[in-house]
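Participant: Pasting a structure below so you can have a look.
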Amino acid sequence: MLPSATSLLRGPCLGLRAAALRLVRQQVPHVCAVRLMRCSSHRRGEALTGAPLDNAPKEYPPKIQQLVQDIASLTLLEISDLNELLKKTLKIQDVGLMPMGGMVPGAAPAPTAPEAAEEDVPKQKERTHFTVRLTEAKPVDKVKLIKEIKNYVQGINLVQAKKLVESLPQEIKANVAKAEAEKIKAALEAVGGTVVLE
C-alpha cells in the first residue's frame, strides 16, 4: 500500500478512539486514590490487616500435633474403630457418597427417622453361593439317589457314588450359586435324600 493510503485508513480509527475516550472521561467522574484513603474509617497510624500469607507455615498447638501423631500410628482396624466411636460420640449419621453434581434429579429423599433406626441394625448379607451337603438317605431309595448323585458330581462312577451315599454326611457340590443349589436340593430330596445348604 501507499503511505498516503495507510494514513487515511488510520486517521478515522484514531479519531473515533479519541472521541470515545473524551465521552467516557466526561461521563465517569475522576476518583483520586489519595482522597479515598483519607476518607476511610481507619486511623492514620493503624496498619491495614490483610489476609494471612499463604506461604507462612501455620503453628499448631502441641496437643494437636500429638493427636495427629497418635492417629497416624493407628492400624486400619483401629482407625475403623475410632471412626465408629467418633460417630457415636458426636452423633454423626452415616452419609453415602454424593454424586459430583450434588443431588441427582429423581433421587430418593433422605431417610426419615424410622428408616434411619432400621439402618442401625446390621443387615445380614444375603448369601449367593452355597455348599450342598447330603446328610441322610432313605434305604429304600438308595439306587435312585446314587444315580442322581452321579448326575451332579463330576467325574464319579456308580461305585464311587454308592460309597458316597453309604458314608453320609457328604459334600455333594461346593460354592454353587443359589439357584443351582436349590435345584440340586430339590432333585436329591425327590429321590429320598435329606439335603442341607450351607
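Placed from the backbone N, Cα and C atoms, the Cβ positions cover glycine too.
What Swiss-Prot records for this protein is below:
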| type | residues | note |
| --- | --- | --- |
| COMPBIAS | 106-115 | compositional bias 'Low complexity' |
| CROSSLNK | K150 | ubiquitin cross-link |
| MOD_RES | K125 | N6-acetyllysine |
| MOD_RES | K138 | N6-acetyllysine |
| MOD_RES | K142 | N6-acetyllysine |
| MOD_RES | K144 | N6-acetyllysine |
| MOD_RES | K150 | N6-acetyllysine |
| MOD_RES | K150 | N6-succinyllysine |
| MOD_RES | K162 | N6-succinyllysine |
| MOD_RES | K163 | N6-acetyllysine |
| MOD_RES | K173 | N6-acetyllysine |
| MOD_RES | K178 | N6-acetyllysine |
| MOD_RES | K178 | N6-succinyllysine |
| MOD_RES | K185 | N6-acetyllysine |
| REGION | 106-126 | region 'Disordered' |
| TRANSIT | 1-36 | transit peptide |
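Buried or exposed, and what's around them? Tell me for each listed feature.
Facilitator: For K150 (ubiquitin cross-link), the same-chain residues 6+ apart in sequence whose C-beta sits under 8 angstroms from its C-beta are I156, N157, L158, A161.
A C-beta separation below 8 Å, combined with a sequence spacing of at least six in one chain, links K125 (N6-acetyllysine) to none of the other residues. A coil conformation is recorded for K125 (N6-acetyllysine) in the three-state DSSP classification, outside any helix or strand.
The 10 Å shell around the Cβ of K138 (N6-acetyllysine) contains 12 further Cβ atoms across the protein chains shown.
In the structure as shown, the Cβ atom of K142 (N6-acetyllysine) sits within 10 Å of 16 other Cβ atoms.
Over all protein chains present, the Cβ of K144 (N6-acetyllysine) has 16 other Cβ atoms lying within 10 Å.
DSSP assigns K150 (ubiquitin cross-link) to a helix.
In the three-state DSSP classification, K162 (N6-succinyllysine) falls within a helix. Taking Cβ-Cβ distances under 8 Å and a sequence separation of 6 or more, the neighbours of K162 (N6-succinyllysine) in its chain are K142, I146.
Counting only same-chain residues six or more apart in sequence, none has a Cβ lying under 8 angstroms from the Cβ of K163 (N6-acetyllysine).
Taking all protein chains in view, 17 other C-beta atoms sit within 10 angstroms of the C-beta of K173 (N6-acetyllysine).
In three-state terms derived from DSSP, K178 (N6-acetyllysine) belongs to a helical segment. Around the Cβ of K178 (N6-acetyllysine), 13 further Cβ atoms fall within 10 Å across all displayed protein chains.
Around the Cβ of K185 (N6-acetyllysine), 21 further Cβ atoms fall within 10 Å across all displayed protein chains. DSSP assigns K185 (N6-acetyllysine) to a helix.
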Participant: Can you give me the Cα-Cα distance between K138 (N6-acetyllysine) and K144 (N6-acetyllysine) in Å, rounded to a whole number?
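Facilitator: If we compare the Cα positions of K138 (N6-acetyllysine) and K144 (N6-acetyllysine), the gap is 10 Å.
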